[in-house]
């Protein structure tokens, strides 16, 4: 299983104060020196709430690890990434809403302009991945447009797992739709969410598409996904950075790597 470390929220700390620290390149090399991280993931959002264009340029210039850039189909961002001298190892196209706290679901593959953006990256020799819900129609779209990799949105699975097996439902930011569900209901929905991820990962494998997954994964809910043999990569960020605030980035990375690289 490949471990993709999302370092967006290292930069969130910097941008909150509009200062120079924490240094994104220091985070990069801490990750590299653990010898446990396979790639670095960043999300270049339209609103630039964390990662900036300059961060992209600096990372691509010196990173010893592959860089996966998440982004929307925004024309300005597409043009910027297609113009880069140093190319990312892949671009993962994600849905984006300026009012969202974080990505809320998978990509709508009927989105106007999506096909043109995929073609633009392919024409520049940049691998494309699509951040999708685990649905067969989305996989068929990927195959039809020569997309060799997808990342399944694991938010539904992760939220259900957290509601059932942690104290998430008692916290200030508890998800209201899950608070009133019984443990039996949560278990059934969690089981179904896991089965759907497993089915679609297997479907992707038979289509010749590499299946990755990410969103909301943490030190508790990630373990079950290791039972899906056709999943090849997990992208995890917020949970690792949250733990890093308390124990340090190196230790937080190593603890996660110990879980997913058995």
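Going from the start of the chain as shown, residues are counted 1 onward.
The backbone N, Cα and C atoms fix where each Cβ goes, glycine too.
Feature list (source: Swiss-Prot):
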type     : residues             : note
BINDING  : 6, 17, 216, 237, 238 : 3-amino-2-oxopropyl phosphate binding site
BINDING  : 8, 9, 45, 50, 102    : 1-deoxy-D-xylulose 5-phosphate binding site
ACT_SITE : 43                   : active site, proton acceptor
ACT_SITE : 70                   : active site, proton acceptor
SITE     : 151                  : site 'Transition state stabilizer'
ACT_SITE : 215                  : active site, proton donor
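Look at the Cβ of each of the recorded positions 8, 70, 151 and count the other Cβ atoms within 10 Å; the largest number goes with 151. Considering only the residues assigned to 3-amino-2-oxopropyl phosphate binding, 6, 17, 216, 237, 238, the longest pairwise Cα distance works out to 25 Å.
Nearest Cα neighbour of residue 70 (active site, proton acceptor) among the listed recorded positions (6, 9, 215): 6.
Within 10 Å of the Cβ of residue 215 (active site, proton donor) there are 25 other Cβ atoms, across all protein chains. In terms of C-alpha distance, the listed recorded positions 43, 45, 50, 151, 215 place 43 closest to residue 6 (3-amino-2-oxopropyl phosphate binding site). Taking the C-alpha atom of residue 9 (1-deoxy-D-xylulose 5-phosphate binding site) as reference, the shortest distance to any of the recorded positions 43, 215, 216, 238 belongs to 238. Residue 43 (active site, proton acceptor) sits 7 Å from residue 8 (1-deoxy-D-xylulose 5-phosphate binding site), taking the CA atoms of both as reference points. Taking the Cβ of residue 43 (active site, proton acceptor) as centre and 10 Å as the limit, one finds 23 other Cβ atoms among all the protein chains shown.
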